[in-house]
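Asker: Quick paste from TrEMBL:
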type     : residues : note
COMPBIAS : 32-45    : compositional bias 'Basic and acidic residues'
DOMAIN   : 102-290  : domain 'DH'
DOMAIN   : 319-418  : domain 'PH'
DOMAIN   : 458-518  : domain 'FYVE-type'
DOMAIN   : 544-641  : domain 'PH'
REGION   : 20-52    : region 'Disordered'
Amino acid sequence: MKEASEEKLASVSNLVTVFENSRTPEAAPRGHRLEDAHHHPECRTPRSPGPWEKLNVGEAMGSEPRTVSGRYLNSLKNKLSSGAWRKSCQPVTLSGSGMQEPEKKIVQELLETEQAYVARLHLLDQVFFQELLRAARRSKTFPEDVVRVIFSNISSIYQFHSQFFLPELQRRLDDWTANPRIGDVIQKLAPFLKMYSEYVKNFERAAELLATWTEKSPLFQEVLTRIQSSEASGSLTLQHHMLEPVQRIPRYELLLKEYVQKLPAQAPDRADAQKALDMIFSAAQHSNAAITEMERLQDLWEVYQRLGLEDDIVDPSNTLLREGPVFKISFRRNDPMERYLFLFNNMLLYCVPRVIQVGAQFQVRTRIDVAGMKVRELMDAEFPHSFLVSGKQRTLELQARSQEEKISWMQAFQAAVDQIEKRNETFKAAAQGPEGDTQEQELKSEELGLRAPQWVRDKMVTMCMRCQEPFNALTRRRHHCRACGYVVCARCSDYRAELKYNDNRPNRVCLHCYTFLTGNVLPEAKEDKRRGILEKGSSATPDQSLMCSFLQLTGDKWGKSGPRGWCVIPRDDPLVLYVYAAPQDMRAHTSIPLLGYQVTVGPQGDPRVFQLQQSGQLYTFKAETEELKGRWVKAMERAASGWSPSWPNDGDLSD
């Protein structure tokens, strides 16, 4: 046994000698193929290869060096991560004495593959690495740092295996008769296998640098070609050799698992071998985690490149949670505008596509911190699948392309908010109403100036939301209060106050917010203007009304134009119908006491028409659907009979 082991070591030494001699093109003899005997000894065993062993050295050799495809690398990573290859192995049949114990055959195979692996590491570290390093120092045509990045920590890996792991395996196999165990050796050395994480994490970057400098530097390419064409390299490219460390730990796990399966139940090495297998599995997981982290950073860098690499955005600690197109609902325009969102773990980037996409593809319009963010669904018949994102810097009304997409976006936002909440104990949980609840539109008074408000859309009001004077295109135009988001006239918004969400810069605010934010009470604010009978908010939300929707106003009573009105039966005034020009108006243009009215079907021509009639008074309405007409008829009949709800949700017929 000792003589056989010495012969194995001698064969490895001979192979290393060939690698050393292959540094000069004429030094390597070409009369035979080393690979058939020593380059990949595990190929001698008839054991069926695992899924990761698609790269068979014997099959890969040819007249020209072959390259590693990106598809193969992705396939390799997926198979390692899935764990599908960790299946029970078939018994190994090795040539030689048939009286050997099955577990000793596996240890013998482990030693042989380790000898070939150390020879491959020698080729990488002492031949490729050192030759390129010397060429870089002599010529200065390519940087030394590039060479060091390409080979990462391959020197440490080579020293570990050649000076520790392989000698320990050899000594244990030499002493197998007296001490038939291998688990304790692997237990002692397995923690060092975590050094592979650095190599695996750097692999993709190394491949990119290798391809770049092969094209840029003729000397770099010349050195690679000379070594790759030698018999010691087996006509394989440097990329193929660099894959060996990536594949090595899964091979350890497979062999050790097979070894544990072959051990008798009462074998003294069974407990140690099982513990060693667990440690090897941990090292494999560590490498897979490094691959995942490498891919995360790569994806993050690509996102930053699409955004133009702005200094205040680039942060390697960020995690991209979701990206995609959405529609932005404008407070001035009728049609939504297409925008693009990047949601990270700590911020939302609201972007627009660049017209000329040279370099960056998107321009960042707004950055909104996830800390303090609130997300809720919007019930808007005009813009289905819409939701609200309210942050400290800005509030956005967004529309998804489908209900599923909306739910997915809202879940992603909420997951980001929840993660921030868990990490920051002082963060106050955002008040999130039940699904479908619209909640109050305006900010709570204690939040004024601290976060960007939701702006009321222009078309939702026809009059100032503070003084109730109607807007017109010349003398009374629309403005927005930057604190509460109300649409107000110039007279009611002729004030300035510092807002914290806008870096304490002075912003245009309405009189009400100015008084609250500054504490200054102006003389005109003290005047007690008597409230008119029509000065009642439109109660646009279902929790404030028994019934509310748009109705077409037809007939002579409303004029020939037949305008559309926002009709409301308020919960706190259930016997009166108020008609507004827009849903957010603070004053109705018509109020109809419904008590005593008769609700009748309209003309036969349209089933969506109904009428209110009493003592010569006739009001004609037209709903958008028959179903909506039926609910209005029921609500008006209840009010006409004097019925009123006895508890908050009784009789709610609104959308």
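For all residues, glycine too, the Cβ spot is worked out from N, Cα and C.
Automated prediction, rather than curation, is the source of TrEMBL annotations.
As the structure is a computational prediction, the values presented were derived from the model and not from experiment.
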Asker: With CB pairs under 8 Å as the measure, which of the listed stretches 102-290, 458-518, 544-641 comes out on top against the domain 'PH' (319-418)?
Answerer: 458-518
Asker: With DSSP, how much of the domain 'PH' (544-641) is helix, how much strand and how much coil, in residues?
Answerer: 19 helix, 42 strand, 37 coil
Asker: Please count the residues of the domain 'FYVE-type' (458-518) that DSSP assigns to helix (H, G, I), strand (E, B) and coil.
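Answerer: The counts are 17 helix, 16 strand, 28 coil.
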Asker: Limited to the domain 'FYVE-type' (458-518), I'd like the whole-number average of pLDDT.
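Answerer: For the domain 'FYVE-type' (458-518), the model's average pLDDT rounds to 84.
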